[in-house]
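J.: To start, I am sharing the structure in question, which I have written as structure tokens.
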Amino acid sequence: MINLYIIRHGETAGNVRRLIQGVTNSHLNARGRKQAFALGVGLRTSGLKVERIVASDLIRAQETAQQILLGMQKKLPVETDSGLREQNDGIFEGRELEDVSQEVFQVPDYHQLVTSGKVPIEAIADGFHAADTTNQAEDSQQVIARYDFALRRIVAAAETAGQSNVLVVSHGTASLLWLRAHGGVLPNRTELTNASVSKVTYQDGRFKVAWLDNTSFRDQGLKEAWTHDA
């Protein structure tokens, strides 16, 4: 059996400014680097033996992976797979979430849209796709399909190498779309937390979601860093 630990990247300036980032590159901010490093510390103290780490080719995911490895005090190459990218949001990339929320969904508060859980993440993704006049924005099924191909490439490589535990560093919407398509449930929310971990097992050709949006590794790492600094 192979265990995949799917991680949402750490916080970026775009997250703070409530911008739609999509496939637009952005760096982690100071808090995001701290979150990712703390996650690595938490994973190390948990005793998890990580044998491989694969990240989206977008900068914020790669920086998260690098900070995780620093926190784990572990030297591994950060592999990249473009199939783990965030949803392409077409003409809406770089715009403020609240403006687009009003324009596309007639809901003025995007935070309310994603935290209420009343509008499924699939409907949000498909709304961006339908409203994009350039036809660049992906719909939910396109995202799920290429994300699935990426994970199957990852587990195939892990099987060949005889590896059991793989970190997968990706993005909020793309990861949650795939997790929900495989039975994952995130009650009353449609947004994964920065530097959270969702566990998926793979055996006999099938994926199974064990749990979603676990922040305990990150929070434990933050606690240990605070204790050390004190």
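Glycine residues also receive a Cβ, built from the backbone N, Cα and C atoms like all the rest.
Curation does not apply to TrEMBL; its annotations are automatic.
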J.: Which of these, Arg52, Arg60, Arg85, does TrEMBL say binds substrate at the same site as Arg8, His9, Gly10, Glu11, Thr12, Ala13, Gly14, Asn15?
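T.: Matched candidate out of Arg52, Arg60, Arg85, per TrEMBL for substrate with Arg8, His9, Gly10, Glu11, Thr12, Ala13, Gly14, Asn15: Arg60.
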J.: Tell me, how many other CB atoms lie within 10 A of the CB of Thr12 (substrate binding site), whichever protein chain they belong to?
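T.: Result for Thr12 (substrate binding site): 22 other Cβ atoms within 10 Å.
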J.: Run through the Cβ atoms and count how many others sit within 10 Å of the one on Gly10 (substrate binding site).
T.: 28
